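Peer 1: The region 'Enoyl-CoA hydratase' feature in Swiss-Prot is assigned to 1-190; the stated evidence is sequence analysis. The annotation site 'Important for catalytic activity' is assigned in Swiss-Prot to E118, E140. Annotation comment: Swiss-Prot describes 306-715 as region '3-hydroxyacyl-CoA dehydrogenase', evidence class sequence analysis.
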Amino acid sequence: MDMTSAFTLNVRLDNVAVVSIDVPGEKMNTLKAEFATQVRAILKQIRENKALRGVVFISAKPDNFIAGADINMIGNCKSAQEAETLARQGQQIMAEIQALSVPVVAAIHGACLGGGLEMALACHRRICTDDAKTVLGLPEVQLGLLPGSGGTQRLPRLVGVSTALDMILTGKQLRPKQALRVGLVDEVVPHAILLEAAVELAIKGRSAQRNLPVRERILAGPLGRTLLFRMVSKKTGQKTQGNYPATERILEVIETGLAQGSSSGYDAEARAFGELAMTPQSQALRNIFFASTEVKKDPGSDAQPGPLASVGVLGGGLMGGGIAYVTACKGGLSVRIKDINAKGINHALKYSWDQLETKVRRRHIKAGERDKQLALISGSTDYRGFSHRDLVIEAVFEDLALKQQMVAEVEQNCAPHTIFASNTSSLPIGDIAANAARPEQVIGLHFFSPVEKMPLVEVIPHATTSAQTIATTVKLAKKQGKTPIVVSDKAGFYVNRILAPYINEAIRLLTEGERVEAIDAALVKFGFPVGPIQLLDEVGIDTGTKIIPVLEAAYGERFSAPANVVASILNDDRKGRKNGRGFYLYGVKGRKSKKQVDPAIYRLIGTQGQSRLSAQQMAERCVMLMLNEAARCFDEKVIRSARDGDIGAVFGIGFPPFLGGPFRYMDTLGAGEVVAVLQRLATQYGDRFTPCERLLRMAERGERFWNSGETDLKE
């Protein structure tokens, strides 16, 4: 074989053929169309060697099997027919693997996703390592697609239809023990013996067909299948609001295969894959994937990062506890927490304990691994143990004098190279650094709550922050498993600045008489994961509205919230979910009582709660203000590119991913249409909808935020 081949065949002395997968020059193995010739040549050799007792497919990469198909192949397709042909080519290769007369085993270590799992499904048996890096899944739905190389047909027959639907409709990834439990793999072994165990499995021969659990057998029958698909279709529709066509096609294709046979199923799969590849939703989701991949590679600045072995955290509250957890347990860094009392330290330690104990209970990690990770975290009520910290993150109250005091204390008690990162959500970083002896080592690092779940962080340098400080902070964020965007030190930074007008408009709709649940439902239908009123309840009404006066002082009336409404709600001791009452009422913690709108909220703000506007009208008002503010942020260089703006909105506030982010969405609409809608709304509802100068200029020139092949509009 050519040395540049991604697939290499070696026949062992025991007459088992080992096919090593190693895409040249790439960290991850991905399947490309041009590999078809290589694979076919190897399969031909296998068929011609009558002495072979079995075949093992294994990766030569240290931490992945096959991470999926190369998504660029789909982008290169100019029509649904081309994408369908691509799927049929993949199906044919998998069919040839399955048709081999000798037993074929997939030996899996690391990520086995998408086309990688489809290849493993085409093998007769599967074995994987018990390593934390090993995950198996079909995540195509997250790109607006479905598995196109036979996955929709083979998976239901292997693990049962309900398990397969759950995996394919959500894109969820199974850990080794889960994969074994559902029958996706035959064995789970230590990494050190993977190859030998796979060879042994190949020599044993093909296993008898696994008996599915009784429940799965019932659901595979005509009556059970009809009921299952009806129920899943209804549930999926409620979740996607019809915004993701891939989910409907997945259900249709799997049901076709089960009802009419796999041949019809493969045809339906390839056809649906081709059609979905051309949808705007898939294109937008793939753009988000590429943009997030680019952001994760972006070092933040041209400088080399400084040392980063240990981190300090000031404050053991909710944010401090979450930051300590992701730094130690995801980043693997030593963490020292300082709080004014032992209660705060214990709270932060318990936060990590609870997170890790949940993982132990779910058998994601062992107790020994939990203890090892917890050992990275310690605490103190003074600065003992801080002298060698490379970076200190403060997560104390939003009080400028207090944060300036923290800077002074860190400079006094830590090393000269220690970086001070503030988790402020509203205070200017330049003000926090105003009295610093080393202002070049002060930076903002804005996390979102809950820290362990929210993927985005904003990295905020002020005017004199050094390039090395930026690079080191970005490196830390990546270690914590976050997606960092670098934003300017202006009031509200980026995410809160575009979120505030959206929330304010929702409150205005409420004061005009619209119902809470109708406003939330309108924005969920538009594509947000939760509505704006519910979001305010989840964040905490006191916390979520704290930034409004800051933004109003910086940018004027367009950021003013409806007079007295917020004050009335806060004065009535309504903080949202955290104290059980906000716009909604919440049941006792631990009980499964649903949240309900509190009718008293209408009396409190002096309205009747009767809907007048359509869902589309309500969504338009909230979203157009967000788009207008995003365009201003782009113009003022608050964000470095449209790419960062889209990632910030999708990962930070749940802007509908199928629209690609605010800038992709504005490009889809066209600047002229965005301006026309804003001008119409300004005439109806006031000056806050007046389109910004950037949008007016772009509409006049016919410009876009994303230029072909570029990350943003070039000046």
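Positions of Cβ are set from backbone N, Cα and C atoms, glycine also.
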Peer 1: Counting every protein chain present, what is the number of Cβ atoms, excluding its own, within 10 Å of the Cβ of E140 (site 'Important for catalytic activity')?
Peer 2: 28
Peer 1: Given the model, what does the mean pLDDT over the region '3-hydroxyacyl-CoA dehydrogenase' (306-715) come out as?
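Peer 2: Across the residues of the region '3-hydroxyacyl-CoA dehydrogenase' (306-715) the model's pLDDT averages 93 on the 0 to 100 scale.
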Peer 1: How big is the Cα-to-Cα gap, in Å, between E118 (site 'Important for catalytic activity') and E140 (site 'Important for catalytic activity')?
Peer 2: 11
Peer 1: Taking the Cβ of E118 (site 'Important for catalytic activity') as centre, how many other Cβ atoms lie within 10 Å?
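Peer 2: Result for E118 (site 'Important for catalytic activity'): 30 other Cβ atoms within 10 Å.
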